[in-house]
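Notes follow the structure.
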Amino acid sequence: MFQIKKIDILFFCYVFITTILLFLSDNDFNKFLELFFTRGLLLSFGIALIFLDAKVKSTFINLLRNCYPILFSVLFYTETVYYNKLIFNNLDNYLVDLDSLLFGFQPSIAFSNYFANPIFSELMYLGYFLFYIIIIVFVFITNFKLEKEREELFFKLTSSMLLFYLFFCFFPATGPQFYFSSPEKNLPDAFIFDKIMHFIQKAEQPTGAFPSSHVGISLIILVFIRKRAKTFFKIALPFVFLLIFSTVYIKAHYAIDAIAGIIYVPIVLYLTSVLYLKMPNFKL
């Protein structure tokens, strides 16, 4: 017997919705075929995991089966650039104006110019990089230590990510690293994480600036683990605060993006709770 979990339905629905958005968007035909083929592979992989997990007793396969949409989130994030201009073109100029209105200057430029010390830069780059580590640790703790709540927590984290990505589709913004030119967009030198940060930047796409999903998802994970994994919460808390500032420092986001990411958190948490209650399970 195969169980179609809530997270599977969420995954299939998201792929279906964004495929429609791809059809409606103005993309190069070869790029469209590439994205369409990639979606076929993702769907095939997801379906294969569902069936394989029901047939084979494997801790690794079970882990993949429980959280595969989270693994695909990096791809889902970057591909929003191909269907995020159905309504508006990039709205960075409004975000830049809003930052100037709120602060009287551009925080994403001034922050790294004023604090250009390599040691401080290293700390900021570490904070941004830890976003990925926090997600990985959360996945393992949830899968192996919070088994009774595993399905709900994975569903809510996945749906939180996808809600951010859907928002990007209707409110496109590239972020300071793409909007500004050199030298404004250049990053200060650091040490170990200097090359890692430049590698991450090169892999980025001009999309997903507002609101900051890095800020929002990190805070959502903190909410999930506050009472469930207190040691992890205490360790992660200072790094999440570091991460929030780092998103502006490395010019991935405007200050208003980070603020909006914080404001977006309770809205997303409410919507994910509603989705989880409404979404059915199926057994085949």
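Here the Cβ of each residue, glycine as well, is placed from N, Cα and C on the backbone.
Summarising the annotation, TrEMBL assigns transmembrane segment to 7-24, 36-54, 66-83, 123-141, 153-173, 208-225, 232-252, 258-277. Annotation comment: TrEMBL describes 96-270 as domain 'Inositolphosphotransferase Aur1/Ipt1'.
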> By a Cβ-Cβ criterion of under 8 Å, what residues six or more beyond either terminus of the transmembrane segment (208-225) are in contact with it?
Replying inline: 77, 80-81, 91-92, 95, 128, 131, 134-135, 138, 141-142, 153, 156-157, 160-161, 164-165, 167-168, 171, 173-175, 232-233, 236-237, 240, 243-244, 247, 252-254, 256-258, 260-265, 268-269
> Which stretch from 66-83, 153-173, 232-252 shares the most C-beta pairs under 8 Å with the transmembrane segment (123-141)?
Replying inline: 232-252
